[in-house]
Amino acid sequence: MKCGVLFMISCLLITFLVLSHVREVESKTKWGCDMNRPFPGKCGTNGKDTCISDIKKMPGAPKDLVVRCECSQRFVWKGYPPERLCKCQYDC
């Protein structure tokens with residue numbers, strides 16, 4: 001019985017010591033705000049970079065805005081010019 005109690009207490013102490021050394025970590029960037037905008041043209045091979053530059057060229061956008069974007073082709077009816085959809089996230 002003594003051995004069982006000592007074993008349980010030692011397990012609790014070891015668990016407490018391990019958990020007391022764990023530190024909370026914040027993410028480096030917080031991608032909290034989403035922006036979905038259509039732009040003319042196709043994505044091509046550098047669609048992400050094109051979306052980022054188009055978002056930064058928007059009126060009122062800060063020049064030092066850090067954005068992460070994905071580019072996808074948008075459905076358009078036959079006879080209309082191609083469009084791409086930029087799905088972007090930025091720190092708000």
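Cβ coordinates are placed from backbone N, Cα and C, and glycine is handled just like the others.
Per Swiss-Prot, the feature signal peptide maps to 1-27; the stated evidence is sequence analysis.
Taken from Swiss-Prot, the feature disulfide bond covers C33-C92 (among others). The 10 Å shell around the Cβ of C33 (disulfide bond) contains 11 further Cβ atoms across the protein chains shown.
Cβ neighbours of C43 (disulfide bond) (same chain, under 8 Å, six or more residues apart in sequence): T50, C71, S72, Q73, R84. Sequence annotations record features per position, and here Swiss-Prot assigns disulfide bond to C43-C71 (among others) based on similarity to another entry.
Contacts of C86 (disulfide bond) defined by a Cβ separation under 8 A and a same-chain sequence distance of 6+ are given as M35, N36, R37, P38, F39, C51, D54, I55, C69, E70, C71, in order along the sequence. Residues annotated as disulfide bond in Swiss-Prot: C51-C86 (among others).
The Cβ of C88 (disulfide bond) lies under 8 Å from the Cβ of D34, M35, N36, R37, C51, I52, I55, V67, R68, C69, E70, each on the same chain and at least six residues away in sequence. Per Swiss-Prot, disulfide bond is recorded for C69-C88 (among others).
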Same chain, 6+ residues apart, C-beta under 8 Å of the C-beta of C92 (disulfide bond), given in sequence order: G32, C33
Least buried by Cβ count (within 10 Å) of the disulfide-bonded residues C51, C69, C71: C69
